[in-house]
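Structure first, commentary second.
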């Protein structure tokens, strides 16, 4: 019959009477018939799936209220699971009439002997290979360990919960299957089922108050199962029971394997006023498929089924979910871990693959890896845990991709104790402590993540933590976007750190690291806060003498070597802040309060509500080299008393106060100088030398910004005889036209360019250094009352 001979609706009514084998035969007639059979997914296929007594709802036990994408596919998976458990053993020979508990296989293909009722599991001793044991409703309790010596299938009859086994079962055969059972531990052991050499398949089972223990080279497959603590019920007198748990272990021997959220902003850039440019748009968050295409190791892990398989199970209300240890392998897909002490522990060289799981409400960390554990953790929803969502320590090195890690009561991810890991393209938000916390020699690669709306720092690197932190978007965190202190020594490169409620980057006591090429803007506090006794840098060349132009160029050339930049952990003596975009922050752009030497090179600092660069304390020489400091609300560069500062080759202009404000009390040495800059003041003087500053202001060109200005371009305190003014050029603005000075900041252009891109190297001719700005009279005290928000909290 042709499909087109009747309306589709009539065909669907007719086909609704067909059994499963007949539907399969109809789908093989032709393409038109196949499409017609497939169109019955929400009608006949749904009836068949829900009407099968051995099948549960495809989303049971996690989300039974949700319909599957395909009822036909769900039924196919159930059918295949019930037929393939014997693949791990030899093909059985037809046994003689079986005396086992039910349905022994008869000699004829496709036939079975009639089921027999049994009241004890001891009848398993009489079962033949690959027999099916059907247990009728009731409670089966064993006082001794039940040993499975031949492959067998144990199926509970009736609804789930009507057949309960109180036993400890030891599998000593190649394969076994348990279906539609409630498993509880016997009085003498918390283990309900264990195997050390074979494969066991659990379908639609509940494990209450006990453990499933698998030792290598044994494997297991658990599907649509529930693991939980013992629930109150009619079974008396057992006392507190341990939580339902799956333990997967692999012994140290030769092994044969058998088997975003709505919070994301679409646009984090900023339309900056005055034509001063804007940062580029942050990169898009990568999908898992895009990440796998770039990472062959992660791609291999995602494809291969490792060891034990746990799929669409529910773990709740107990101590632990899955423990993988001693070189064990496990794969977890689509599970829910809820209300446990911990969800997954992977230790002692074990390896896991976690895909599409939900981990929430744990009383400790959600996922815990240590002792050289590894694996792939991707596209999971990890949230609302009492400790870290993901805890990596003691040499663990997982690949963490495209997860949502949020709403935790502590940090999102913690890496410590020589832990490593590749943490990429995750959304980490809404945690009460740092989104990513690195300490105690933790050394991960943190790349391409979105870290936002946390109640502390976005990334915190403390207690000798390290790490490569690149190309992340870190925004709207309550404390600093990145906080580095107490020996923290990361590489912070090409990140977007913006819209925070405090400072952008805080380098605190004994903080170290390389801060390079970042976009730091629109933060409520300072853009970069360098605190006392910090050393934020990994200077490759270590050139400390900048008095000669040749040495300055050699130092910049060294910075261009990627190999040198990555050799970050050699002893260094000079801190470096290079090539960053620091703009439109609520206080000072760069706030320096340190006792260490510091080089600030090639940064764009503009549009900040305080001074561009404020040096409050500088126990050793601070050098400002080839920076663009413009359009800040107060001074361009402010240097307080007792500070040793050298300005060379900067562009300081269009600031609200003086271009450069320099105060001294006689402690500034002769090495402090303002050398060969190009200065254009906004409302104050071009250069103001106040009090008893000692040093040199030499070979600078100062331009008057507008005609009729009454402020002197170069102000020198008459009482100061210790500062030398040599060969400075003053150029006034024409009263009839302002166009005469337009070339002053165009030929050459100020460097780095105002769009935030730093210059690759200084010009070969020192006279063309682009420096323009004014020097203010003092550093304002409105920047967190001389203390950052984060510092005052800690």
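Each residue's number is its place along the chain shown, starting with 1.
Note: Cβ is positioned from N, Cα and C throughout, glycine not excepted.
Matching 206-230, 231-255, 256-280 against TrEMBL, the residues noted as region 'Disordered' span 256-280. The region 'Disordered' annotation in TrEMBL falls on one of the ranges 50-82, 83-115, 116-148, namely 83-115.
Within the domain 'F-box' (1-48), the DSSP-based counts of helix, strand and coil residues read 34 helix, 0 strand, 14 coil.
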